[in-house]
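Structure first, commentary second.
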Amino acid sequence: MRIDIITVLPELLKSPFEASILKRAIDNHLVEIHFHNLRDYTSDKYKSVDDYQFGGGAGMVMLIEPIDKCISKLREQRTYDEIIYMTPDGVTLNQQIANQISLCENIIILCGHYKGVDQRVRDMFVTKEISIGDYVLSGGELAAAVLCDAVIRLIPGVLGDETSALTDSFQDNLLAPPIYTRPREYKGYKVPEILFSGNFPEIEKWRDEQSYQRTKERRPDLLSDEH
Ligand code: ADE
């Protein structure tokens with residue numbers, strides 16, 4: 001998979017890809033990440049990427065021209081399955097959306113800044129608008145990093161244990177069950193006996209019950225028909 005990220009702040013985005021699972025995925029050529037600084041696509045001496053809103057109002061708007069130039073250049077080189085714009089008014093990211101995107105070959109992620117992009121960018125280029133939650137960040141970069149992490153870990157071969165992404169919370173609309181490791185008892189807090197039984201069908205059953213109980217208590221909305 002190839003991900004092209006268009007941003008005015010590439011430095012804000014680099015570190016999540018320089019450690020742990022994402023770094024390994026890049027090193028193993030399972031994913032390629034390319035950053036594009038919008039200022040490299042400007043045509044005036046100030047390298048402007050934004051301007052005042054038509055009609056008045058506080059906040060700057062990202063110009064269409066540098067974004068068009070950047071996207072057009074990328075599209076000359078390959079076709080893209082999705083051009084994703086990170087914005088608080090997009091659809092809220094969930095596991096299903098991450099699963100869908102993980103099947104793409106090439107995607108572009110556009111990070112919004114200031115008040116956001118000129119609406120015509122959305123009309124002309126964007127195929128998906130994604131929010132990571134009902135709160136407003138200073139820009140789309142951190143949201144793009146979240147999306148990339150959620151997607152990249154689903155690419156086959158990225159996680160050491162092939163099955164572990166499938167047992168994540170949300171993959172089956174249930175939260176994950178409690179997990180334990182050594183020691184068996186810590187300051188009076190004990191690991192449930194069933195986990196030492198060696199009876200794997202019973203352990204699986206216990207985990208399923210715990211998942212269901214946890215989901216019922218914390219996220220009953222996941223158990224409704226809409227999911
Ligand atoms: N940009 C600013 N806030 C955002 C959010 N919540 N999700 C995605 N992009 C954003």
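Just so it is clear, glycine is given a Cβ too, placed from its N, Cα and C backbone atoms.
These features come from TrEMBL:
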type	residues	note
DOMAIN	1-224	domain 'tRNA methyltransferase TRMD/TRM10-type'
BINDING	Gly112, Ile132, Gly133, Asp134, Tyr135, Val136, Leu137	S-adenosyl-L-methionine binding site
REGION	207-227	region 'Disordered'
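Leu137 (S-adenosyl-L-methionine binding site) counts 18 other C-beta atoms within 10 Å of its own C-beta, drawing on all protein chains shown. Below 8 angstroms of C-beta separation, residues 170, 173-178 of the same chain, each at least six residues beyond the ends of the region 'Disordered' (207-227), sit close to that stretch. Largest Cα-Cα distance over the residues recorded as binding S-adenosyl-L-methionine, namely Gly112, Ile132, Gly133, Asp134, Tyr135, Val136, Leu137, equals 16 Å. Other C-beta atoms found within 10 angstroms of the C-beta of Gly112 (S-adenosyl-L-methionine binding site) number 26, with every protein chain shown included. A coil conformation is recorded for Gly133 (S-adenosyl-L-methionine binding site) in the three-state DSSP classification, outside any helix or strand. For the domain 'tRNA methyltransferase TRMD/TRM10-type' (1-224), the predicted model reports an average pLDDT of 95.
Note on Ile132 (S-adenosyl-L-methionine binding site): other Cβ atoms within 10 Å of its Cβ, all shown chains, come to 20. In the region 'Disordered' (207-227), the DSSP tally of helix, strand and coil residues is 16 helix, 0 strand, 5 coil.
Other residues of the same chain near the S-adenosyl-L-methionine site, with their Cβ within 8 Å of the Cβ centroid of Gly112, Ile132, Gly133, Asp134, Tyr135, Val136, Leu137, are Pro88, Ser131, Ala143.
Annotation for Val136 (S-adenosyl-L-methionine binding site): same-chain Cβ neighbours under 8 Å, separated by at least 6 residues, are Pro88. Within 10 Å of the Cβ of Asp134 (S-adenosyl-L-methionine binding site) there are 8 other Cβ atoms, across all protein chains.
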